[in-house]
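For 17-80, the entry in TrEMBL reads domain 'Inhibitor I9'. As annotated by TrEMBL, domain 'Peptidase S8/S53' applies to 104-527, 771-1220. Per TrEMBL, active site, charge relay system is recorded for 112, 146, 476, 779, 840, 1169. The annotation domain 'Subtilisin-like protease fibronectin type-III' is assigned in TrEMBL to 582-675, 1275-1373.
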């Protein structure tokens, strides 16, 4: 009947409800026969929040009621059913997320099967029919478990060590654990009556809940208009009272049009999976193993069971044949034949009660249904694909003694998550085709949450297992996730309307992939729920009750029906009848009704809820069709205050035959970036405070500083990450404890003959401590199945190791694996685990500490033994790099974890992709490695790939080792042979074997003129520039080092020759046959093409050649000098980084180019990324022999034993190669070391202008700076002497150094100065002889540099020589 009538002045609410019920009684009595009373027929009155009643009526009586003046609609009561916590972590919504004080005053109303009581403040039950089953509990107590599960997912407390009989063990928690719960039980043993559901809505609204979650729906698809849909009716009145309803989308998928409830004022929630899935293995007697899905908590026996096919065991006495018994349906099996056996059944839902009563040992299901979610069974079970199930059947038929074992389930990584699962109902919306449904997707697969301890976990007769927590799947499980975030938003924004909250959730959703869900938005709506972004959407698309009224007018409501629903004088006019698509929702849908051409304009308004002053720009992205045109007017909107509203129009036009075409409109103000707040060293911990308590206190302090906190660095140093505007970041920077605030930025990976070239043989002397040495690799992750990371022969990890593995199976080689994604934003092909998607991290890890693996190559190239520098060492990986790069916030988080875990060396092959010089307190690499150094951990870092210009190194801190990339004596060359007999040697890594000559063409002669390209662009072979018909089947000559390889493959090009003047000192892998020629040779090739009507050529497979000039630093390697501290040498050292063969990932092709499907366990890469792990390995090698040596001592040993390099091939001299080429065998026994402690670096920081306050915030002690320390940066006890003369020809400086004897106890060292590149460079050392009488003894000396020069670089070397050790240090005077 719609809205309740207005309450007259002087009439109480109770009196008004009595009057409403009396009116209902009179209406019913009016249509009943004279021998019936309304008391018998009237079952329930809706009188608290909306107007209506439930009555027992004949069809004729119902018809007469529907014709009465006050009645909106009359519809039959129907039965509905429930739709059945790793999930919050997967959504990047951590337990310690920022929370509002208002959360504890927020009430979530759960309309479901009841609750197993906990922190509930309301509990009611509804049974309008008065009919109960024997097993029903006639109270709000939950006898099913479904309601308890949903309530705890939304607002359950944080409970540690929860599991289902040991599966999914961890912390179970709701999204708003401080919120209150009100339970409304409407579901009973035989389902959930529509009348009871409406009664629950009525009560919940009147009680004052803030959010309603309802995980109930029909068991078959039914389309009802909004006035006939109980969910639409109940949620409409909730919306009118400021309450948002979150409703499950139903479990009737995966077909289109399988949702039953479409009202725009509630949130429809689809079910997506998470990165965790449960697998159950079937192991056969023939040794074959098949992975299936189920949630199997049974431990397998020590012996295998016999296997039998259900089709071979029919209950013939009961009249069943093989065709029915194969399904294992009720009574179909012969009990005597199947007892004590595992039965193979062709049915996803066999009769489990029968299987138990027949004594079956287990069941294997062979089906063609989607195995994208797992169920609990009453006996050991696993569900296999049809193909694998058929293999099992073949095995059963092949032997007289078929046996098998169903193993206990294990949690595995689902790298494709999130995607919407098969059971989740899909749109479109058949009631209003131009409104999008579902609205959003959220985790609904294999969710661990609370359960009813009186309900059997399967409900199967004979299965007596009960549990306090269970694992369920369904849109039922997805819905409370969204309800929780709605409540979370409400706790921060209590005045926001339901539509505002809904808009915030939808506009901040994480995009999902139509590759995995071809139904696209009709599977996942706006995308995956993003809890951390939703409270701060920037703009909202708001809606009022009157907006929905106008929408209902557009749905054909007349004034009478509308007014009975609204209870006011609303009316509809003709113009409003076309406004359905103009409902102010954050989506734009056009149902084109078989028309190929389309054009429509939408009106929308947005309200500013972000910064007071802001400007948003419109971007349309991700269009799935080039014929889709989207115009936004205006495309820029400026706001001057919070709450201000602006309007825009969006016009969609185009033509298409595709069934679905989609894109995204994004309004971007460019201000809500991610900032890192760096606060220095952790505060001192009192003796009585545990480490966990200390970390909790630190994070609490961070939370108090700012409410939008993301991860907190609390284990090894002090700081946090937050989404801030520029103004908020500035305010944080002014707080007392803050050292610096800087924006989160994206870094990039810097991408084994090498060890032999370094004179470090496979059988070099090794320490027994090497196997207890742990190398931490911060990179793109690891591919653990590669032979380089096998754990064969490894003992358990060292006892002091504190690390762990996230979502990946580690072993005794890989003893730690974690991943970090502060933003929670993932690309479609990202693997959400430490598993390596690109191969870069695996490559670096295997260079440093990979096993010795023989006979490896890249598709036959570079064949030989692959090994790491410390093959017995352990590896801990910290994945910070994703397909879009490596966020600085993630890198700092990885440092924090690695330090706390107990690694000994950190290897870091990540850097900026442009030259940026940050002060040390603003440089995440400097910050992370400083705290590592404080804890005795040396960091080896790639110098960067931004060379060959000077000042191209971005990271310059003296406490880390900066590694340049040099070449080895092996290089790969690739020949081009022309039809005229000429052969030109180029470079590439070309694994393709040629079969014939191909026609040659110059890219400049094949422009795509239809696409608007000319010869001047097509010669570069850039994207879409070539005419596909002209280049297909030909070798193309391109004037570009980096042509569009994907285009070349797509066009069927046979090969590519690159003509460039770029350096040819390293080779790359290409996606098609390729070679890179110098400009002169490339011009000869062009002349040949122009000289004949039939130019032909062939690109030969690459061969190995000798590089007699090695080692020298290659062109891409970044150079010094040091822009931040000019008197400190950078880089520190050079190491092999060119064409290195090492481990790879099988996830992507060896080039990553679309169309190239070649994968390999080992690949050949070049970069300072490859150089850094060589040095990391030798640092670990030294550490294994000298476990007490400081990072400064290890660094000194590496630098003073380096092999000198030549300024002839590298004119930048020490600013290219630092101390020289890495010398692994010499580094172990340096004789003397230049040691450094944390206090030495403190003195250095004083010289960099730090005041006492900032210094103490970093050190967390009482360090202070004196005036004299402000000038001593060149006296940092490093094994190098650098003088920046700043345009002054005359120079003079005295340096102080100390060296510690680590060689022979009794020794005498004499000084030599050699290799001076200028006769005017005068170097004096005092004393020039030093004698030692014991190991560990320290001596000091001064070195004076004086002279005059106009040369830009003058250098020499200082050597301390005892006849055995030559301890060499570079001396550099420069003006660059």
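Every residue, even glycine, has its Cβ placed from backbone N, Cα and C.
Note: TrEMBL annotation is automatic and uncurated.
Positions of the features from TrEMBL, shown on the structure.
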residue: 112; record: active site, charge relay system; Cβ within 10 Å: 30
residue: 146; record: active site, charge relay system; Cβ within 10 Å: 27
residue: 476; record: active site, charge relay system; Cβ within 10 Å: 31
residue: 779; record: active site, charge relay system; Cβ within 10 Å: 30
residue: 840; record: active site, charge relay system; Cβ within 10 Å: 26
residue: 1169; record: active site, charge relay system; Cβ within 10 Å: 32
Let me know the model's mean pLDDT on the domain 'Subtilisin-like protease fibronectin type-III' (582-675). 86
112, 146, 476, 779, 1169 screened against residue 840 (active site, charge relay system), Cα within 10 Å - retained active-site residues: 779, 1169
Around residue 476 (active site, charge relay system), which of the listed active-site residues (146, 779, 1169) come within 10 Å, judging by Cα atoms? 146
Expressed in Å to no decimal places, the gap between the Cα atoms of residue 1169 (active site, charge relay system) and residue 112 (active site, charge relay system) is 56
Across the domain 'Subtilisin-like protease fibronectin type-III' (582-675), what are the DSSP residue counts per state (helix, strand, coil)? 1 helix, 49 strand, 44 coil
Please list the DSSP helix, strand and coil residue counts for the domain 'Subtilisin-like protease fibronectin type-III' (1275-1373). 1 helix, 62 strand, 36 coil
Work out how many Å separate residue 112 (active site, charge relay system) and residue 779 (active site, charge relay system) at their Cα atoms, rounded off. 46
